[in-house]
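To keep things clear, I will list the structure first and then write my remarks on it.
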Amino acid sequence: MYGGNDTLKARGALSIGVPGEIAGLYEAWKRHGKLPWKELVMPAAKLAWAFTVSPYLHMQMKATEAGILGNAGMRAVYACNGEILKVGDVCRNGKLAWTLEAVAERGPAAFYSGPVADLLVKDVKEAGGIMTKEDLEKYQVKVRRPLSQSVMGLTVLSMPPPSAGGAGLMLVLNILAQYGVSGISGSLGIHRLVESLKHYMAVKMNLGDPDFVDVGAVVSDMLSPKFAAELRRTIYDNMTFSPQHYGGRWNILQDHGTSHLSIVDGERNAVSMTSTVNAYFGSLILSPSTGVLLNNEMDDFSMPANTTANTPPPAPNNFVAPLKRPLSSMCPTIVLKDGKLKAAVGASGGSMIPAGTIEVLLNHFAKNMDPLSSVMAPRVYHQLIPNEVKYENWTTVTGDVFLLDAATRGDLLKKGHVLEPLAGGTISQLVVHNVEGRGDLTAVSDPRKGGVPAGY
């Protein structure tokens with residue numbers, strides 16, 4: 001599709017996949033909603049008319065300034081006076097408000113087959129893309145049974161393929177459960193976490209869209225305590241290894257972005273939902289007729305390529321095909337204890353999402369940290385390739401400092417890890433239900449992004 005030019009799938013009109021969020025939200029509403037659809041959508045339309053630029057949004061706009069200024073649609077919304085909007089400025093996207101008002105009135109049909117679809121397809125074509133109205137009309141929501149795993153006395157529910165995140169979360173938890181709670185504390189616990197993450201990354205690219213490839217055996221292994229025990233026996237407490245030790249066969253894609261929300265209501269119904277346009281500002285194309293910022297989701301597919309001695313081959317299970325969904329790392333998770341809700345959790349942060357979600361879960365449920373401390377604790381990540389531990393070392397735009405302590409860094413270096421400071425990572429959202437006590441809720445929205453919990 002891209003003639004060997006992987007930059008075409010990274011940004012621009014050929015990186016755009018068929019948007020699915022509106023259809024997905026509508027399907028969830030049909031199955032579980034109580035309030036009128038219009039009443040739920042109109043607040044988003046109102047927000048599109050005018051909202052205030054936050055420090056975090058401004059930071060990301062500045063980081064993407066060239067892309068924003070290079071597209072007329074984005075320029076009109078995010079740099080209407082010729083320069084990027086500042087913190088506190090009002091951002092207006094009247095075309096998006098019109099689109100959302102149409103969706104509020106007519107449902108997804110307005111977006112996928114109505115006037116919005118016609119305008120969206122026209123804008124994509126003018127930008128050099130190939131998405132058609134038929135592509136929009138044929139879009140179908142896939143409702144899949146979540147993965148479920150009993151581990152550490154909890155029942156963990158998470159996202160199945162085509163995301164690798166849920167299976168990855170369960171694999172890592174199963175490996176770490178072999179050590180017991182005391183065995184995952186301190187710097188040794190961090191080392192064991194890192195080694196477990198490396199095993200997950202080695203397995204990850206064997207997954208893909210289950211409508212196109214058979215991933216049943218891979219998922220079964222990733223959920224198997226026996227398989228986890230076999231991997232645990234390859235982990236040494238005094239050293240780490242090169243990527244070959246972990247057995248990965250395929251080149252590992254680094255997916256990007258996402259947004260996450262965790263919600264629990266008065267009846268203790270829970271929603272953990274991750275959505276995405278992939279990278280920050282997606283394809284860097286905003287449809288001027290509809291106000292829709294278009295994704296670059298095609299970048300999450302693998303692409304046939306020549307390999308070298310230092311580069312594993314791309315994963316064929318994740319090659320592009322019509323109607324196929326790409327592999328992702330999304331990891332929306334719900335935790336139960338004895339059949340009752342204990343937590344809703346998840347994160348944004350691309351391929352680092354499973355690690356961030358695992359660390360928050362372990363902090364609270366294994367290390368008995370309170371919800372706020374569980375989210376605030378510094379995090380580490382490993383993508384297998386490059387063979388380095390990324391550790392938080394940054395000050396956020398709101399002034400919070402996140403830094404893995406020097407003693408832990410020193411212990412990891414002694415075991416042979418290569419350390420790389422990271423100004424960023426995952427953004428977690430956690431709601432904990434005190435089911436053993438008064439039944440109250442504690443919500444934490446990650447301050448790394450300037451988040452604050454909301455209650456109604």
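Placed from the backbone N, Cα and C atoms, the Cβ positions cover glycine too.
Positions annotated as active site, nucleophile by TrEMBL: T258. The annotation L-glutamate binding site is assigned in TrEMBL to T276, V277, N278, D300, S328, S329, G350.
Our reading of the L-glutamate binding annotation (T276, V277, N278, D300, S328, S329, G350) yields a largest Cα to Cα distance of 13 angstrom. On the backbone, the CA of N278 (L-glutamate binding site) and the CA of the residue listed as 'active site, nucleophile' stand 6 Å apart. Secondary structure at D300 (L-glutamate binding site), as computed by DSSP, is helix.
Within 8 Å of the centroid defined by the CB atoms of T276, V277, N278, D300, S328, S329, G350, the record's L-glutamate site, lie the Cβ atoms of D255, H256, G257, T258, A279, E297, M330, excluding the listed residues themselves. Separation of the C-alpha atoms of S328 (L-glutamate binding site) and T258 (active site, nucleophile): 10 Å, rounded to the nearest whole number.
Compared over the recorded positions T258, T276, S328, S329, the count of CB atoms lying within 10 A of a residue's CB peaks at S329. The two recorded residues, D300 (L-glutamate binding site) and the residue listed as 'active site, nucleophile', show a Cα separation of 12 Å. Sequence-distant neighbours of G350 (L-glutamate binding site): residues of the same chain at least 6 apart with a C-beta under 8 Å from its C-beta are Q254, D255, H256, G257, T258, S329.
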